[in-house]
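Let me begin by presenting the structure, written as structure tokens, before commenting on it.
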Amino acid sequence: MTTWLNMSLQDGASPIMEQLVFFHDHVLMIMLMITTTVSYMMVILIRNKQTSRFMLEGQMIETTWTIAPAIILVFIAMPSLRLLYLMDEVHNPALTLKAVGHQWYWSYEYSDFTKLEFDSYMIPQEEQQESTFRLLDTDNRIVLPMNSPIRLIVTAADVLHSWTIPSLGVKTDATPGRLNQTSFSISRPGILYGQCSEICGANHSFMPITIESVPAKHFINWASKMSE
């Protein structure tokens, strides 16, 4: 969860999100270096009244400020491309979860089980407890095993939605008549929150997503009880 006055990203709950946070910090340091250098040069040029003809007509400096940005872009592009390939990679999944977006709630189907499916609605404000988060908690949480590759299939029944969990680095569009697929692995136990990230109508902001990450043994017990 993000907290008040928090300027950084959420703590990563998956290996991909941890890599995304690292890449964000990596690019931010490069931007800081460029901003500092350019600002320093601008201040020097404004304050210095002397003019050097070698600087005005020099080909060496022109070659330098052409090659240097190209090298910097390579240092940004290489980890970016690596992350893109890792995010598109679908490993052999231990579990498949299908999410269907409706106006304005989510329904879930565990494809590996016969009778395990449910709808997930936001808890109304008058029914909330002190331990629940306003506009984020649901009546039926998604229970998933930690440290297991999970395949997520997302679609919609009416309009465009977007299934998003920021701490997992997952954001997949739910399109009517189309199945979109992604995969993730949760690296720690806990409760993860997300919301629909597509403007899908009047109650768009009331489509929360709640994931409860548990050990595999607890997940099997929960799935057995739900399938009865």
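Glycine too: its Cβ is placed from the backbone N, Cα and C atoms.
Marked as domain 'Cytochrome oxidase subunit II transmembrane region profile' by TrEMBL: 1-91.
The transmembrane segment annotation in TrEMBL covers 27-46 (among others). Tertiary proximity for the transmembrane segment (27-46) is limited to same-chain residues at least six positions away from its ends with a CB under 8 Å from its CB atoms, namely 72, 75-76.
Here TrEMBL flags 67-87 (among others) as transmembrane segment.
What TrEMBL lists as domain 'Cytochrome oxidase subunit II copper A binding' is 92-225.
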In the domain 'Cytochrome oxidase subunit II transmembrane region profile' (1-91), how many residues does DSSP assign to helix, to strand and to coil?
68 helix, 0 strand, 23 coil
How does the model score the domain 'Cytochrome oxidase subunit II copper A binding' (92-225) in terms of mean pLDDT?
89
